[in-house]
């Protein structure tokens, strides 16, 4: 269905075509978090379409606390050398320099990730300034629109990383899908109002500065708000993204599940919900049998409506120990 609705040749820029095209190559597959070259080889053997190189899986980041940053370049190089599939790496939200460093290492894709400690309290990276494609998380339809406007080549649910609990990933895909459903019913005037509302996130810094300087937050100068863009350019760019979504009746980039996928059935559920693929963080290498779990999740994602096969590959498997959401820090709330 995605192929029928997406005309890659109609995308706006050459770089955008290449970035979205690369991301689309992962469609239907599973991307696995790995912390060592050996884990990367296990993931590749199990059928992962790509691996995400990082220092610690989200469950360990959550348990250990502290500031979580990009992985050691040496570790990333070791993982790149160990496998033939694409290697991704996480960058802190808004950390322009980390993104350039990772790009220089030759990673195939960046993940501007809420799992790491954010670097910028106001803005995400302008993904259009990098040659390497970038994936971003989204809890809601407006978040997804903002990230695509900024140049994200792939969107994923945020879920609640490191918990083994699928409920938040399900919440996020429901909200994004319902946002699309509402958008399809809007006229041009209503779409402009939606664009203005979604764009308001980029005005927060200027409003705060205005209040600090003048005592009120409606300073009329709205130039140079985000990477040199004024308010009109931001609103029109977001409106253009909304029109693209309305045209295709879905996000114009691949949309993956992430955050809490811990079993083959979880992976099948996400595919059943219409997602294009699955990220698995802690769910594989925090399970009792990582190699079997990795293969089973790949099998379930590929055959998500073949419930007999899912039952067979799940038999005897034990998932990671899960966490209830209510009493933990919500990593998903990082980002804006």
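Here the Cβ of each residue, glycine as well, is placed from N, Cα and C on the backbone.
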* To do: From the candidates 47, 137, 179, 260, give the one listed by Swiss-Prot for the same D-ribose 5-phosphate site as 33, 162, 281, 282.
  => 260
* Asked: Given residue 90 (active site, schiff-base intermediate with D-ribose 5-phosphate) and residue 33 (D-ribose 5-phosphate binding site), what distance in Å do their CA atoms have, once rounded to a whole number?
  -> 10
* **Nearest of the binding-site residues (260, 281, 282) to residue 174 (D-glyceraldehyde 3-phosphate binding site), judged by Cα-Cα distance** => 260
* Do you know which of the recorded positions 90, 174 has the most other C-beta atoms within 10 angstroms of its C-beta? -> 90
* Structure fact -> Per DSSP (helix/strand/coil reduction), residue 90 (active site, schiff-base intermediate with D-ribose 5-phosphate) sits in strand
* Asked: Which number gives the other C-beta atoms within 10 angstroms of the C-beta of residue 282 (D-ribose 5-phosphate binding site), all protein chains shown included?
  -> 27
